[in-house]
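Copied over from TrEMBL, here are the features:
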- 1-12: compositional bias 'Polar residues' (COMPBIAS)
- 1-33: region 'Disordered' (REGION)
- 21-33: compositional bias 'Polar residues' (COMPBIAS)
- 61-118: domain '4Fe-4S Wbl-type' (DOMAIN)
- 62, 85, 88, 94: [4Fe-4S] cluster binding site (BINDING)
């Protein structure tokens, strides 16, 4: 016997009920069956997400430090963020994700992004000092 679904009860804008197969048969062992004793997928996903966040929080420096450090204007803070990223087990995935998302700025995976481009060192704001220009 085929169970009734939401699609069976919805109106199709005047075209009538959804067509049902003329023959109904019991599912065979090859066909998937619905388990009613399992937890809903949303609950599992939320639980797994929370557990993952707790696990990641202990391993990833960007979760344990000030988030502003990864978007700092001062080059000393940017270098500190880069150094913290070098020890991170997710640095490669973080960098790949930042490139895929075209992150406009910040430290991602131990690299500095400025205007969506990876740069070796972030320049400070304004005009450079005369002593730095040779």
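Glycine too: its Cβ is placed from the backbone N, Cα and C atoms.
These numbers come from a predicted model, not from an experiment.
Everything TrEMBL records as a feature, shown here on the structure.
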residue	record	DSSP class
62	[4Fe-4S] cluster binding site	helix
85	[4Fe-4S] cluster binding site	helix
94	[4Fe-4S] cluster binding site	helix
Number of other Cβ atoms within 10 Å of the Cβ of residue 62 ([4Fe-4S] cluster binding site) across all protein chains: 20
For residue 85 ([4Fe-4S] cluster binding site), the number of other Cβ atoms found within 10 Å of its own Cβ: 21
For the domain '4Fe-4S Wbl-type' (61-118), mean pLDDT (0 to 100): 91
For residue 94 ([4Fe-4S] cluster binding site), nearby residues of its own chain (Cβ under 8 Å, 6 or more apart in sequence): 85, 88, 108, 109
Neighbour tally for residue 88 ([4Fe-4S] cluster binding site), based on other Cβ positions within 10 Å of its Cβ: 17
Shell of the [4Fe-4S] cluster site beyond 62, 85, 88, 94, same chain only (C-beta within 8 angstroms of their C-beta centre): 60, 61, 84, 90, 91, 107, 108, 109, 110
